[in-house]
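Asks: Attaching a single structure in structure tokens format; questions to follow.
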């Protein structure tokens, strides 16, 4: 269907000037309303390639969407309950989805709308999904306190480990390494060695549930984010993954649970930056080194923001409870401004 209509949108954002003074600006911009990807809450969005994203939500469907053109490419149906996580295979048309139905499914954009492979082994909702750099292994985690390591080719479970009270919230594989990073409701961040699925390191325990994690492309740093309310917790934390494995920096400014955090492309700003999305309907960009908030975009009426994904060097995708997926772009015309350009 493509573009449906263009609307005027009032955006409130904060701009951090070079002299350190923070200004709040209200601006009216036109943005596109594309045909929607889902009919209900979108739980997760991930970038498949430079044009396509893959998303899942409460409508039990996985959707491949061309965010540049504004249209659905393909719908994949097979799960019986809400989609919780999506993981894409690098440089391919394949991806995985996890669900509250305890299942993980592998899909191929160029194949049929039926799953290529199914992975059944968890006894509760699957809440973590990570693909190895060579795409031969898949690690899954669940609220059943367990991590499972799978052979992607055969669909067989190769390793299983369970840790008491380790309610998994997210998994990500460290690039070019045999390590998997994991966040948990027990407020712990664990680094697992996939060779035998052993805990290699436990980071200093946080005060709140750790909801999400991501590793930088060079594999040297990672970020995690926290649950919270009223400004308590609600932060993201940068950690060293190499030598000291210490906490490097914290990013505080959200007022509700931070659900997602991503490293943004280096080409985007003069300094390294990260982005966070929160249940407070706000997306923030931070100076990675100093912790200063560089830009805040309020997506009013969107409900809690559930997931962030980098789409290209200037564009990001943000999934929400009430208004589908937002296409966001960084504008350098007046400092570092984050704005919404489309919604689907």
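Glycine too: its Cβ is placed from the backbone N, Cα and C atoms.
Straight from TrEMBL, here's the annotation block:
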- 76-117: repeat 'WD' (REPEAT)
- 119-160: repeat 'WD' (REPEAT)
- 161-193: repeat 'WD' (REPEAT)
- 251-296: repeat 'WD' (REPEAT)
Asks: For the repeat 'WD' (161-193), give me same-chain residues lying six or more residues beyond its boundaries with a C-beta closer than 8 angstroms to one of its C-beta atoms, as numbers and ranges.
Replies: 85, 127-133, 139-147, 199-203, 205-215, 217-219, 222, 224, 239, 241, 245
Asks: May I have the DSSP-based helix, strand and coil counts for the residues of the repeat 'WD' (161-193)?
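Replies: Reading the DSSP string over the repeat 'WD' (161-193) gives 0 helix, 19 strand, 14 coil.
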Asks: What is the average pLDDT across the repeat 'WD' (251-296)?
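Replies: Residues in the repeat 'WD' (251-296) carry a mean pLDDT of 94 in this prediction.
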Asks: Please list the DSSP helix, strand and coil residue counts for the repeat 'WD' (251-296).
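Replies: Split by secondary structure, the repeat 'WD' (251-296) comes out as 3 helix, 24 strand, 19 coil.
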Asks: List the helix, strand and coil residue totals of the repeat 'WD' (119-160) as derived from DSSP.
Replies: 0 helix, 25 strand, 17 coil
Asks: By DSSP, how many residues in the repeat 'WD' (76-117) are helix, how many strand, and how many coil?
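Replies: Summed by class, the stretch gives 0 helix, 21 strand, 21 coil.
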